[in-house]
Amino acid sequence: MSHGLSPRPATAKKSADLKGTVRIPGDKSISHRSFMFGGLASGETRITGLLEGEDVINTGKAMQAMGAKIRKEGDTWIINGVGNGALLAPEAPLDFGNAGTGCRLTMGLVGVYDFDSTFIGDASLTKRPMGRVLDPLREMGVQVKSAEGDRLPVTLRGPKTPNPITYRVPMASAQVKSAVLLAGLNTPGITTVIEPVMTRDHTEKMLQGFGANLSVETDTAGVRTIRLEGRGKLTGQVIDVPGDPSSTAFPLVAALLVPGSDVTILNVLMNPTRTGLILTLQEMGANIEVMNPRLAGGEDVADLRVRYSELKGVTVPEERAPSMIDEYPVLAVAAAFAEGATVMNGLDELRVKESDRLSAVADGLKLNGVDCDEGEASLVVRGRPGGKGLGNAAGGQVKTHLDHRIAMSFLVLGLASEHPVTVDDATMIATSFPEFMDLMTGLGATIE
């Protein structure tokens, strides 16, 4: 199993109105990158609001293993970085646990160095394909040893001098884009990434913030060209990590579905590459008020007031998928209570997440009485306003497949369903949102 912890099932039951004001743990994407860029930069980086889930902590441990000094004082993480180009060879394999982001980005960061680095992970991460990151690294001259199908364990050895490349990202993947850019940091000359569909852009924004010479151009067709000059100096920064929109999704959708709810969520990252879920829910009729919008560390941030809403089904534009890929499971839960059908297309990326998320969602919905159809890369959900008949009175358990987002999504389903909803394991929620149970029960949710 993922953590060597024995599975701990959890059950969510129909709840009365959810009320309160909450702060969500820091954004996972920005937290991973804060540890990485702080560990690489010259001088001191100070981070508040860091997401202290296992995934991010594993990225921090990897940076420590390559020479960064990391300590915590009160609520602040303080990093003394090694300086760009000065990472040290790790003495042991770098263990990323369940973290696809940390693993793939670090492969880019250190793979081009002229020493061996070995990457390992848990049972779930070991099944996930790494080839999409390894292919461009091979073009830069990196030698790759990997398990069958370019899976972990992977050992990388960079060339004496890496080649700068121009790489067109073949799928909408911020991880692949970021891995190539990070490899470019220790490569002489200009590394260019061409991105046909825009994905989350935290790597570009944060590298510019740390002083990298990086430019972004967008043509009339929306194709982005990112150029990075290698071997420049990065300088330590002060970072306050905004709340993770992917974690915000759970209390937000719960408040929309439980009658009488009125919940305010503070300090949420509103980067336009991450707000597809909020936009979609608003199209479905969700009452989501964006309050106090502001800029923090180059990123858009706001507070959200969310109230119970009667939703109606919509067709989600396929091009929106990259900006909400992690939120489809909880969107499918919202759709289960909407009037009419919600159609979601372009979901092929969901099949290679922590689990095959598409089939995991469809199976869980069916187990709990939701009418849905799973296609090759699509999901259609026909909702039942009020949740009558939804849930599983017999206590049938949703198979989470060690996937934190599946577990949290189905616990939200149970809060508004007529019958309880049980998930087979809730231990792995700690990878991204350790405070989930306490935060939800604090708002009035019944989860046990």
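Just so you know, glycine gets a Cβ as well, placed from its N, Cα and C.
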Out of Asp75, Asp135, Asp150, Asp326, which does Swiss-Prot tie to the same 3-phosphoshikimate site as Lys28, Ser29, Arg33, Ser173, Gln175, Lys353?
Asp326
For the C-alpha pair, I'd like the distance in angstrom between Gly100 (phosphoenolpyruvate binding site) and Ser173 (3-phosphoshikimate binding site), rounded off.
12
Candidates Ser29, Arg33, Ser173 (binding-site residues) with Cα within 10 Å of Arg357 (phosphoenolpyruvate binding site):
none
Rounded distance in angstrom between the Cα atoms of Gln175 (phosphoenolpyruvate binding site) and Ser29 (3-phosphoshikimate binding site):
10
On the three-state reduction of DSSP, what should I expect for Lys353 (3-phosphoshikimate binding site)?
coil
Where the distance is taken from Cα to Cα, which of the binding-site residues Lys28, Arg33, Arg405 turns out closest to Asp326 (active site, proton acceptor)?
Arg405
